[in-house]
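Q: Following this message is one structure expressed as structure tokens.
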Amino acid sequence: MKFVDEAPISVEAGKGGNGALSFRKEKFVAKGGPDGGDGGDGGSVFLVADENLNTLIDYRFQPKYRAEDGEKGASKNCTGAKGDDLLLPVPVGTTVIDMDTEEVFGDLTEHGQRLKVAQGGFHGLGNTRFKSSTNRVPRKTTPGTEGEKRNLKLELKVLADVGMLGLPNAGKSSFIRAVSSAKPKVADYPFTTLVPNLGVVKVQQHRSFVIADIPGLIEGASEGAGLGVRFLKHLTRCRLLLHMVDMAPVDGSNPVDNVRVIANELQKFSPTLSNRDRWLLLNKIDLLPIDEVEARCAAVVKELEWTGPVFRVSALKHEGTAELSGKIMDHLEAIWEEERENPDARALELERQNQMAAEARERIEELREARRQARLAAGEDDDFNEDDYDVEVIYVNY
């Protein structure tokens, strides 16, 4: 299945049914009076979060949706049937943006959660409604109102507590395989990971967190190099970032430079995201000479002037991964406990997430516009959609 994490759609609620103009006509009943019924309300449009979905691909090929109109009223004071609501399933983690106002319309973060995105039109009134002591034969009715119309943009961001950062082949996917039951593809060539992978890390019976691995970044990613930075937006919901660096890179590069490359790209993408709690993971220490591990790891930390937590691991051999998982769990539980006890802390976190999401959208749109201008300058088709030529992948949420 193709992984699609953005889709523009247009939705239109149903029109309300018109009220009926009718008078009672019955044998032996003279001047029976008005009996025109009201119309039915138009159907509304709802988005419904579904945990069984993990892509927005269906909305890429079918972008227009309309709910049912309400039926018109009838004689004998019969009310028209209400139009059926239209329920559109979307993956959990979908953000809804009004494209006309560029405001966030809502966020679907729990299975079964509903969000009304277009209100159905109000029913029209039949002439029965207008009878009075001075108007026994009303001929007035009202039409049903139009349903709401909206142009929306759906953005899917995976729901994870912890996000992985690093260059291609740093060992991020191997780490997720080591600490969870997820089985992302692992190989000795760059860009093995093409879409976000999720894994659930169970520290104890009732203690667990979700970790996300995104495609690796390279220098210039913020300008579109490699797979670009489009997947960085999936980290905006994460409470902790794990910055993994290969301590024995096959290309002979300097681990310190590799850490700085990612930090620079993160800063360019979203300054708020770059200020997230970030732990440094020195991976592949099993490939270093035993007598050099201590000195080389210390040298990297010193040159970086790193003040945050540092961990030495071997994702392939599962060395240090269990201890790290426990410390991550403790860190997350402390955050969650603070937010339960302090509403201000929760409000501040939501503000940060909204700021990161806004910065991510702005940067991604800037890159798309730059690529569009480059295509126009080269005389290429302006209708080209880069997502139509994206890779075909299997995306599984474990």
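A Cβ is built for glycine as well, from the same backbone N, Cα and C atoms used for every other residue.
As the structure is a computational prediction, the values presented were derived from the model and not from experiment.
Annotation source Swiss-Prot lists GTP binding site at 166-173, 191-195, 213-216, 283-286, 314-316. Per Swiss-Prot, Mg(2+) binding site is recorded for Ser173, Thr193, and the stated evidence type is sequence analysis. According to Swiss-Prot, the feature domain 'Obg' maps to 1-159, an assignment based on sequence analysis. Taken from Swiss-Prot, the feature domain 'OBG-type G' covers 160-333. The feature region 'Disordered' is assigned by Swiss-Prot to 128-148.
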Q: Across all protein chains in the structure, which of the binding-site residues Lys172, Lys284 has the highest Cβ count within 10 Å?
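A: The residue with the densest Cβ neighbourhood is Lys172.
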Q: Could you round the CA separation between Pro215 (GTP binding site) and Ser173 (Mg(2+) binding site) to a whole angstrom and send it over?
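A: Between the alpha carbons of Pro215 (GTP binding site) and Ser173 (Mg(2+) binding site) there are 9 Å.
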Q: Which whole number is the mean pLDDT over the domain 'Obg' (1-159)?
A: 90
Q: Taking DSSP three-state, what's Lys172 (GTP binding site) in: helix, strand or coil?
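A: Where Lys172 (GTP binding site) sits, the three-state DSSP reduction gives helix.
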Q: In DSSP terms, helix, strand or coil for Ser314 (GTP binding site)?
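A: Note: Ser314 (GTP binding site) is in a strand by DSSP.
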Q: Give residue numbers and ranges for long-range contacts of the region 'Disordered' (128-148): same chain, 6 or more residues beyond its ends, CB-CB under 8 A.
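A: Distant Cβ neighbours of the region 'Disordered' (128-148) are 12-21, 23, 31, 33-39, 41-44, 67, 69-70, 72, 77, 118-122.
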Q: How do the residues of the region 'Disordered' (128-148) split into helix, strand and coil according to DSSP?
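A: Grouping H, G, I as helix and E, B as strand yields 3 helix, 0 strand, 18 coil.
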Q: When DSSP states are folded down to helix, strand and coil, where does Lys284 (GTP binding site) land?
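A: In three-state terms, Lys284 (GTP binding site) counts as coil.
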Q: How far is it from Ser173 (Mg(2+) binding site) to Ser314 (GTP binding site), counting Cα to Cα, in Å?
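A: If we compare the Cα positions of Ser173 (Mg(2+) binding site) and Ser314 (GTP binding site), the gap is 12 Å.
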Q: What number of additional C-beta atoms lies within 10 angstroms of the C-beta atom of Asn169 (GTP binding site)?
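A: Its Cβ shell of radius 10 Å holds 22 other Cβ atoms.
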